[in-house]
Amino acid sequence: MDSFDILISILGSTIRLSIPLIFTALAGLFSERAGIFDIGLEGKMLAAAFAAACTAHLTGSAWAGLCAGLGISLFFSLIHGFASITNRGNQIISGVALNFVAAGLTVVLGQAWFGQGGRTPQVTNDGRFAPIILPGADAMRDVPFIGPIYANVISGNNILTYIAFLAVPLSWWVLYRTRFGLRLRAVGENPGAVDTAGISVTFLRYRAVLVAGFLCGFSGTYLAIAQSAAFIKDMSAGKGYIALAALIFAKWKPVPVMFACLLFGFLDALANFMQGKAVPGIGEVPVQIFQALPYILTCILLAGFIGAANPPKAGGVPYTKER
Amino acid sequence: MSTASVPLPNWINYALLPLINLTLAFLVSGLVVWIIGENPWEALQLMLQGALGRGEGIGFTLFYATNFIFTGLSVAVAYHAGLFNIGSEGQAYVGGLGAALAALALDHYVPWYVTMPFAVLGAALFGAAWALIPALLQAKRGSHIVITTIMFNFIGAALMVYLLVNVFIVPGKMAPETRTFLEGGQLPKLDWLIAMFGGKLGPAPFNVSFLIALVMCVVVWVLIWRTKLGFEMRTMGLSRSAADYAGISYTRIVVITMLISGGLAGMMALNPVLGASARLQVEFVGGAGFVGIAVSLMGRNHPLGIIIAAILFGVLYQGGAELSFDMPNITRDMIVVIQGLVILFAGALEFMCRPMIVRAYQTFVKG
């Protein structure tokens with residue numbers, strides 16, 4: 001394989017590996033911008049993946065799978081909202097708890113229903129989101145440079161991939177150009193001021209966690225029935241935390257979130273590619289370095305060495321109305 | 001007056017409310033068991049039978065409990081200073097390195113009781129070292145300790161896999177683990193303790209680390225409630241600004257607290273590494289760091305409560321393993337569900353039932 005083909009193949013897997021991160025990080029973005037920390041992204045993703053795989057297997061419809069994924073993820077969001085908004089519980093603890101519940105429940109139910117060690121049965125092709133060939137992809141294939149990129153990287157992805165990239169400008173527009181977005185950002189900085197303006201902090205925050213649940217539903221569904229064709233135990237494999245890292249890396253802004261996710265996806269793709277290969281002059285790079293790199297970078301960023309990462313001011317603090 | 005500010009007596013706050021939350025968690029767990037078509041009552045009986053029925057079951061229960069006492073104490077110590085340490089998992093994992101190094105270096109030459117202090121020290125030092133960077137980042141740079149400790153869990157996992165695969169692996173073997181320690185690097189079992197109560201330990205790996213864990217409970221109790229340092233930690237936990245005004249150095253307390261917390265988490269490694277498998281393996285912590293969060297929450301961050309909660313989780317782990325033999329429909333992952341529900345109800349929804357209790361208290365007790 002010449003180096004251009006390698007580049008194309010790495011870019012292709014970068015896109016595929018970034019999509020769940022983009023959805024999940026945007027989910028975290030809405031929640032944290034409204035002042036609700038969400039460690040439970042991982043759990044919502046996992047639960048959505050399981051529900052999507054089960055439903056797609058039973059109905060044979062990918063769209064029904066998506067609906068189930070969204071539904072369960074929204075339900076988890078409501079629990080998180082109930083604990084951290086209505087009951088003013090500790091948001092971190094609630095998120096950790098939901099991660100546990102999702103990790104355990106998916107395997108227990110999967111085993112009880114399908115008896116395949118926590119996996120779900122393979123979903124048929126109708127139950128998956130198939131690749132979409134964009135117009136002209138085949139015709140362009142022979143154009144030098146641009147052709148292969150268009151045909152193999154931009155075209156040939158499934159619909160959820162395109163939705164993810166649409167969700168980025170849409171999130172930007174919602175956050176910065178709508179009244180809801182303005183208020184959502186305000187409630188994460190100074191809920192008291194929002195309350196004084198006569199706007200319900202509770203209702204705003206609930207809507208924010210629901211948006212987060214909605215987006216996590218997409219990422220879970222993508223994992224189960226777009227990237228693969230079944231649910232596998234613990235298939236989110238820490239992606240929720242990587243998304244959290246990407247969110248911090250992007251300093252809680254939508255467009256940088258996309259680039260951070262692409263970067264982390266690229267590292268992942270590179271790690272897969274580099275496995276067992278030697279770099280000229282350096283030797284074999286341990287694959288664990290690539291795996292740890294997003295977390296290390298995030299820590300360095302958090303320490304303020306590459307610019308300050310300031311989270312929303314009211315993040316993690318339950319709002320108590322003055323009596 | 002709203003119900004939130006009504007003071008309640010201690011027996012309600014520290015016994016009744018946690019008990020209600022725990023019951024709710026178990027009720028929901030029972031519901032899950034029922035949904036997958038098994039009898040929850042029967043499952044509960046099988047579980048208790050498996051965990052407490054025979055000497056061997058008790059041995060396993062206490063073996064698991066030992067892990068959870070260490071990680072529970074680790075979370076609790078940090079919690080008293082207002083720090084939420086999610087990194088016990090990673091600190092215990094890296095702590096295993098310190099314990100294993102001591103055993104690998106000494107097991108040829110000396111008996112276990114000489115190795116043990118070095119292993120304890122090594123485990124604590126390595127665990128503390130893994131907590132030091134998040135602590136410094138929190139104290140000096142204001143990075144949120146929850147996020148950094150999560151990141152360090154993953155970095156620690158990557159580091160340990162690298163070391164086990166590339167450095168410690170026994171040449172010619174496939175499994176990423178160190179060589180098996182000789183007798184001088186193994187902690188002896190406590191079969192005599194079980195025999196005192198007329199049971200037989202059998203193959204259960206219940207060992208001396210349990211006693212170390214109990215000693216650490218006393219040490220932590222003294223530290224938190226009987227020393228100046230503990231007082232300063234609790235002050236900072238209650239109000240950082242009050243601590244600032246009292247001249248308590250934020251940096252100093254954060255760093256010391258996290259070192260202690262990481263050290264306790266690291267010491268957990270003694271139990272599985274030197275006490276059970278006699279070698280350092282991949283993922284030997286197995287989530288005990290996260291169980292520590294539940295244990296600390298349920299035990300109200302008090303050593304005595306932590307022992308009780310750790311034994312309860314030990315029962316869940318051992319009973320759950322037995323249960324999955326008898327009811328193949330219920331996998332061991334059911335434990336993870338129960339754990340999550342306990343964390344949810346005892347932690348995040350801690351005060352859900354409080355208004356109700358306050359009303360009942362005002363009606364029935366105060367009249």
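Including glycine, each Cβ sits where the backbone N, Cα and C put it.
TrEMBL annotations: computationally assigned, not manually curated.
The transmembrane segment feature in TrEMBL is assigned to B:12-37 (among others).
Positions annotated as transmembrane segment by TrEMBL: B:57-78 (among others). Listed as Cβ neighbours of the transmembrane segment (B:57-78) (distance under 8 Å, sequence separation of 6 or more from its ends, same chain) are residues 49-51, 84-85, 88-89, 91-92, 194, 199, 201-202, 204-207, 209-210, 213-214, 216-217, 220, 223-224, 233, 257-258, 260-262, 264-265, 267-268, 271-272, 275-276, 288-289, 291-293, 295-296, 299, 301-303, 306-307, 309-311, 313-315, 317-319, 321-322.
Sequence annotations record features per position, and here TrEMBL assigns transmembrane segment to B:112-133 (among others).
Among the features that TrEMBL reports, transmembrane segment is placed at B:145-169 (among others).
Per TrEMBL, the feature transmembrane segment maps to B:206-224 (among others). The list of residues near the transmembrane segment (B:206-224) in space but at least 6 beyond its ends in sequence, with Cβ under 8 angstroms from a Cβ of it, reads 58-60, 62-63, 65-66, 69-70, 73, 76-77, 80, 116, 120, 187-191, 193-194, 230, 233-234, 260, 264, 267, 270-271, 274-276, 302-304, 306-307.
The transmembrane segment feature in TrEMBL is assigned to B:245-270 (among others).
Under the heading transmembrane segment, TrEMBL lists B:276-297 (among others).
Positions annotated as transmembrane segment by TrEMBL: B:304-321 (among others). Within the chain, the transmembrane segment (B:304-321) has long-range Cβ neighbours (under 8 A, six or more residues past its boundaries) at 14, 46-52, 57, 60-69, 72-73, 76, 214, 217, 221, 291, 294-296, 298, 330, 332, 334-335, 338-339.
Residues annotated as transmembrane segment in TrEMBL: B:333-353 (among others).
Where the transmembrane segment (B:245-270) meets the stretches B:12-37, B:112-133, B:145-169, B:276-297, B:333-353, the count of C-beta pairs under 8 angstroms peaks at B:112-133. For the transmembrane segment (B:145-169), the neighbouring stretch richest in Cβ pairs under 8 Å, chosen from B:12-37, B:112-133, B:333-353, is B:112-133.
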